[in-house]
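Peer 1: Take this structure, written in structure tokens, and hold onto it; I'll ask about it next.
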Amino acid sequence: MGYSAVPKRPPRGRGRDGVWQTPDMLVEIETAWSLSGYLLVCFSAGYFIHDTVDIVASGQARASWEYLIHHIMAMGAFFSGIFWSSFVGGGVLTLLVEVSNIFLTIRMMMKINNAQDHLLYRVNKYVNLVMYFVFRLAPQVYLTHFFLRYVRQRTLGTFLLGILLMLDVMIIIYFSRLLRSDFCPERVPRKQHKDKFLTE
């Protein structure tokens with residue numbers, strides 16, 4: 001029996017507006033639904049599929065294996081929202097990390113251009129730290145706390161909890177690399193100064 005990618009009718013009382021007009025998506029993570037949130041999850045899943053295919057097709061799979069693992073886990077999570085119309089709110093909440101990515105990208109571009117001594121880089125590294133806490137670590141802690149309720153069940157929520165815990169480990173590792181690279185560079189082994197994940 002196949003599954004349709006067409007979203008189910010949202011539960012009675014759920015809005016079809018954006019998450020800013022449907023704040024219950026950030027609280028009722030499993031059941032809340034909005035059309036814009038659903039489309040955002042679909043678009044994001046498409047991005048991860050495209051990026052995964054691009055990495056493999058360009059022969060960068062070995063060098064970018066961490067990205068591939070992240071993308072596969074993200075797609076597994078987003079598909080739950082696409083095919084079952086469940087946990088759409090959780091998918092939208094995880095996409096808050098894109099705010100943090102703005103400052104991570106600025107950091108990466110300046111490191112590529114050897115502009116670490118520029119005032120903008122020094123300011124950005126502190127802003128980047130705050131954004132990492134607010135839009136990456138905080139939502140991840142909130143979601144992990146929410147999904148722990150499924151730990152003794154055999155449901156879709158349990159599957160998503162497993163993905164979330166693996167992403168927690170990755171985020172902590174990336175955060176430790178960020179701190180060492182920007183605030184304790186003398187502790188970074190010389191061979192790791194060219195590590196692509198430290199510059200990104």
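Placement of Cβ uses the backbone N, Cα and C atoms for every residue, glycine included.
All TrEMBL annotations are machine predictions without curation.
Pasting the relevant annotations from TrEMBL:
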type	residues	note
DOMAIN	1-187	domain 'TLC'
TRANSMEM	90-109	transmembrane segment
TRANSMEM	129-150	transmembrane segment
TRANSMEM	156-175	transmembrane segment
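Help me understand the surroundings of these features in the structure.
Peer 2: Looking only at the domain 'TLC' (1-187), the predicted model's pLDDT averages out at 86.
Here the transmembrane segment (90-109) has long-range neighbours at 19, 25-26, 29-30, 37, 40-41, 44, 74, 77-78, 80-81, 120-121, 124-125, 127-128, 131-132, 134-136, 139-140, 142-143, 146-147, 160, 182, 199-200, meaning same-chain residues at least 6 beyond its ends whose C-beta is under 8 angstroms from one of its own.
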Peer 1: Using a Cβ cut-off of under 8 Å, list the residues of the same chain at least 6 residues beyond the transmembrane segment (156-175) that approach it.
Peer 2: 30, 66, 69-70, 73-74, 76-77, 80, 84, 86-87, 90, 132, 136-137, 140, 143-144, 147-150, 197
